[in-house]
Amino acid sequence: MVAELHKRFISTALHSKLDIRIGDVLKADLPPFDVCVANLPYQISSPFIFKLLLHRPVFRCAILMFQQEFAERLIAKPGDKLYCRLTVNTQLLAKVDHLMKVGKNNFRPPPKVESSVVRIEPKNPVPNINFSEWDGLLRIVFVRKNKTLLANFKQSSVLQTIQKNYRTWCSLRSKKIPEDFCIKKKLEEILENGEFDKKRARHMDQDDFLKVLHAFNKEGIHFV
């Protein structure tokens, strides 16, 4: 690939502006850039897209080719079969448009999957939110996206993690925890008071998740 690019550009006026860097893009420190155009190895699609979206300064846009199903997840809406944590996280940080489908017969040799090209425009200004905290909430509710939020928050592993976080939060603020404190009961109260208990992640939009996160944070419940 590198040799072919040099061959194509060497006799053009743009050759002096061509800077080719060889390495693992997931490990590389990206310089400031305006536009990104990429045909990725599909197995790094998810980590690459979030490396881009969390990159600063914010770039103008990216034109990327993904496996078709992955692209459809990026543009899914609440209630769609492919609506997932990837969908919500991406749409929190960017506007995503589907540009075209690319059939497998356009490649030699043809792959086993269809592809799609999408345009991604990061939101600017960047949403004022702790992304790790936000993603921590989504990890819980999308593990079983068809279950109610109340059911997801009753899982023992979830209760243990949140209780540990809550005790840390209280300790940092010298807040005494009552002897009869029950994290399960506290989570149930927060969900029921906000009328979130019967909601299901598959049908919730970005504003719904923001309200849930705010309700938990207000009561000292955190996800990181």
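A Cβ is built for glycine as well, from the same backbone N, Cα and C atoms used for every other residue.
No curator has checked TrEMBL annotations; they are predicted automatically.
Sequence-distant neighbours of Asn39 (S-adenosyl-L-methionine binding site) (same chain, six or more apart, CB under 8 Å from its CB) are Leu64, Met65, listed in sequence order. If you look up TrEMBL, you'll see Met1, Asp24, Asn39 marked as S-adenosyl-L-methionine binding site.
According to TrEMBL, the feature domain 'Ribosomal RNA adenine methylase transferase N-terminal' maps to 1-124. Restricting the average to the domain 'Ribosomal RNA adenine methylase transferase N-terminal' (1-124) gives a pLDDT of 93.
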Recorded S-adenosyl-L-methionine site residues Met1, Asp24, Asn39, farthest C-alpha pair in Å: 15
Cβ packing number for Met1 (S-adenosyl-L-methionine binding site), 10 Å threshold: 7
